[in-house]
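In what follows, a single structure is set out as structure tokens and then discussed.
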């Protein structure tokens, strides 16, 4: 089973060591797990809510993209794209806006905090609050639902936004009579590392206590040596508990190195020597990435090409076909085609959905080629709805049957429309397992009929798991 995990990357400010240890490094490690399809997007549209300096927006987006690539993100193995390069997100935002409850948006933490501050200051509730801040959760929901992400890594302060995305997706599914959207789950890492800054407080741009991730070597050394320590002299034992210097070292060192450093603290290591060891440890991990970062920053056209290529492929694979399906669902259709009622408003359509039940036929051998085939039939009419490609082993067919009955539609499997072999603008239904077409279905020349047939087949496949 493949799980889609979507991570939004803020594009404001220069990344620092805290961003790397708390977000970049663990996200890249998680993307290497088997069975994960990772989506990483640069949230440049979200950044416009606060940042209204165009040059800074452009520069920050470049720096953040270069940082993730330099840290090891492989754009050939994950989806890495810029939010603004996927216009389908904006159209979906409007679809969701039309079903989102204003009362829910009124309770969004960021908006509510801004209103509370205005009230405390004796201002009008909405003084200085943009519609962008108010609508932020809808755009975030569109980011997630457009790709039917199943998991979204967030901090505890962002859980509410995932709950809102679920609510908006559920409302849309209910209004338009089908489970178009997978409802996402918040992925909370209880062990997210937070690094102390130069003054011992949490490393944050707000406190001006950060160590830039790719600061030049000499600047890195200068920053490390400016970390605040107590007045204990060399030879005096030092506590690791509460020591910003020790916590920083621990974030970059192995367990053995950390134990040795703790022993050095107990033995009275001087602060100067401790800072030198910390600098050396951080630089050992960062230096190769710094070199890649500087090379990338010198070639912004390469970064632009990576982002555009990923967005183009992602749109073709997921966003454009899915948005076309959603446009049809809400009634934004070719006016020359005959009218089709909304599924939830048409009892006859629902009855037909309930009437369609499926039966698997096979495996049966194709002796001429030494392969195996199967088909999916309408249990009542015996009409073949899907016929498989040739598969090398009969066990593979049993595995497909089993996974579909376990409810893997919308996870491993999905139905799509593809140009048909009959030409003349025909379309046919295909069943995919990941990237691989495993079954071909009927071909249609009528846009309404092909979507209707796909919806019926989708509903019937879902019922296999009930």
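Quick reminder: no glycine exception, Cβ is built from N, Cα and C everywhere.
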Listed co-binder of ATP (same site as 10, 11, 12, 18, 19, 155, 156, 157, 202, 203, 204, 205, 206, source TrEMBL) among 28, 195: 195
Surrounding residues of the motif ''HIGH' region' (11-19) on its own chain - C-beta under 8 Å, 6+ positions past either end: 42-44, 46-47, 50-51, 57, 60-61, 63-64, 67, 194-195, 197, 202-205, 210-214, 248, 251, 282
Binding residues 10, 11, 12, 18, 19, 155, 156, 157, 195, 202, 203, 204, 205, 206 (ATP) - maximum C-alpha distance in whole Å: 20
Least surrounded among the binding-site residues, given as 156, 205, when other CB atoms within 10 Å are counted: 156
Residue among binding-site residues 12, 19, 195, 203, 205 with Cα closest to the Cα of residue 143 (L-tryptophan binding site): 12
Cβ packing number for residue 195 (ATP binding site), 10 Å threshold: 22
Tally of DSSP helical, extended and coil residues in the motif ''KMSKS' region' (202-206): 2 helix, 1 strand, 2 coil
DSSP state at residue 195 (ATP binding site), helix/strand/coil: coil
Among 10, 19 [binding-site residues], residue with fewest other Cβ within 10 Å: 10
